[in-house]
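Colleague: Below you will find the structure I want to go over with you.
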Amino acid sequence: MEQSGGISIISPPSITDNNAANNKVKSNGSSNGGGGGLAASTASRLMNAKEKLRVPWCKNDDGSAVEWLKKGVAEMIGTAIIVFLGCLGCVGSLGTAPTHLQICLSFGFAVMIAIVCTAHISGAHLNPAVTVGTIVCGYTSLASAAVYIISQMAGGVLGYALLKIITPQNHLHGGDPNTAAGFCATLLHPRVSILQGFFSEVIATGILVFMVCSISDSRNSRNTDSVAIKVGLAVAVLCFGFVPYTGCSMNPARSFGPALINNLWTDHWLFWFGPMVGALLSSLLYKSLFMPNLKEQRTITPENGV
């Protein structure tokens with residue numbers, strides 16, 4: 001079964017075993033005059049184990065239907081949490097518009113909660129753009145990605161629908177009752193051009209997915225403590241900067257729910273193409289520049305580490 005790539009990739013099981021193997025080989029090598037044969041054999045096994053962290057794009061996953069269902073449901077629930085709690089923080093209270101800080105922190109902490117809830121089940125992609133990035137980096141197969149993205153879209157709709165159900169209509173706005181029809185929908189600012197909005201989404205999503213690629217890298221496994229907090233704060237910081245431009249979607253599923261329920265499709269393509277292009281560019285950049293290829297892995301020895 002493939003390794004689930006995503007926001008909260010924790011140290012893959014093989015990495016711990018690799019470190020133990022390194023220590024064992026070093027010990028044997030010093031007591032047996034170098035132990036060249038054993039070292040070469042162990043290095044080969046380490047390289048093979050590391051290569052298994054990648055999965056082919058078109059792969060017949062050996063996971064059962066139940067496992068696929070669990071991951072899909074986890075992605076749906078996690079995405080619903082993001083949309084529900086994030087948009088809940090945008091609800092106007094007694095006619096007072098929520099502050100920019102409140103909106104940004106609401107989405108950041110919503111992402112943090114969703115990651116904690118689903119990381120151990122599905123890897124906590126919670127975003128079609130993140131799933132695309134993990135495909136490029138080799139952590140997710142196309143078949144798994146299809147299940148994830150469909151589940152994420154359903155989660156976006158579910159989260160926004162729950163918000164509409166529990167919130168009185170006269171409070172379902174950001175302080176201005178005239179905005180109720182498009183509440184929490186990601187919209188291009190009137191003073192921002194289509195091209196500027198597109199590149200805003202590309203850059204914001206690119207930064208987020210680049211961070212995800214770094215977290216998912218097995219070489220970074222020792223630095224993944226409190227990943228949920230780190231990613232949540234990163235989302236909040238990106239929102240601080242990009243919300244005035246486009247609403248800072250970075251997540252097609254987050255934009256899809258409000259657009260579908262409110263039947264508001266103005267510039268909606270922007271919130272698909274922008275994040276997807278950003279995810280593709282940043283993941284390709286990370287993979288081509290920073291991820292070790294097979295040739296480099298063959299030069300790995302127990303003496304110089306994994």
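Using the three backbone atoms N, Cα and C, a Cβ is placed for every residue, glycine included.
Checked TrEMBL, it gives:
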- 1-39: region 'Disordered' (REGION)
- 1-30: compositional bias 'Low complexity' (COMPBIAS)
- 73-94: transmembrane segment (TRANSMEM)
- 100-122: transmembrane segment (TRANSMEM)
- 129-150: transmembrane segment (TRANSMEM)
- 194-215: transmembrane segment (TRANSMEM)
- 227-245: transmembrane segment (TRANSMEM)
- 269-289: transmembrane segment (TRANSMEM)
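Situate these features within the shown structure.
Modeller: With a cut-off of 8 Å between Cβ atoms, the residues of this chain six or more beyond the transmembrane segment (269-289) that come close are 127-130, 132-134, 136-138, 186, 188, 194, 197-210, 213-214, 246, 249-252, 255.
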Colleague: Is the transmembrane segment (100-122) packed against any residues at least 6 beyond its ends, judged by a Cβ distance under 8 Å, and which are they?
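Modeller: Non-local partners: 4, 6-8, 10, 70-72, 74-75, 77-79, 81-82, 84-86, 88-90, 148, 227-229, 231-237, 239-240, 243.
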